[in-house]
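Asks: Pulled the feature table from TrEMBL, pasting it below:
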BINDING   E5, D25, I27, D28  Mg(2+) binding site
Amino acid sequence: SFIGEESVAAGEGSILTDNPTWIIDPIDGTTNFVHRFPFVAVSIGFVVNKKIEFGIVYSCIEDKMYTARKGKGAFCNGQKLQVSGQEDITKSLLVTELGSNRDPEAIKIILSNMERLLSIPVHG
């Protein structure tokens, strides 16, 4: 099976089943792409029994290929990635994305979540 982000965004329905399924977003970061902001990628995932098996993200502008496989780790251009050992939240960097949903109820939830995040004493 195949699920394409662009067709789902256009209103087509999709149902994730237990069948092996490719999930593809050919322009991950569509809004960035439209505004010529250089953070776009091609994202591909493979799911079996509704569980992700592996994923690939190709950052086109940076020419970086990110890969990950369940139980095998994550890599960038073949080099193993790992999370930092930072445990002090005040020295952490918080990154978020507000999404494109402008439904009033969704905005209320997003702003409530942002308020909680902004009260955390993070580094940036």
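Glycine is treated like the rest: Cβ placed from N, Cα and C.
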Asks: With the cut-off set at 10 Å between Cβ atoms, which of these binding-site residues ends up with the most neighbours? Options: E5, D25, I27.
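Replies: Most Cβ neighbours within 10 Å: D25.
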Asks: Which residues, sitting 6 or more apart from D28 (Mg(2+) binding site) on the same chain, put a CB under 8 Å from its CB?
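Replies: E5, V40, A41, V42, S43, V57 - these are the non-local Cβ neighbours of D28 (Mg(2+) binding site), listed in sequence order.
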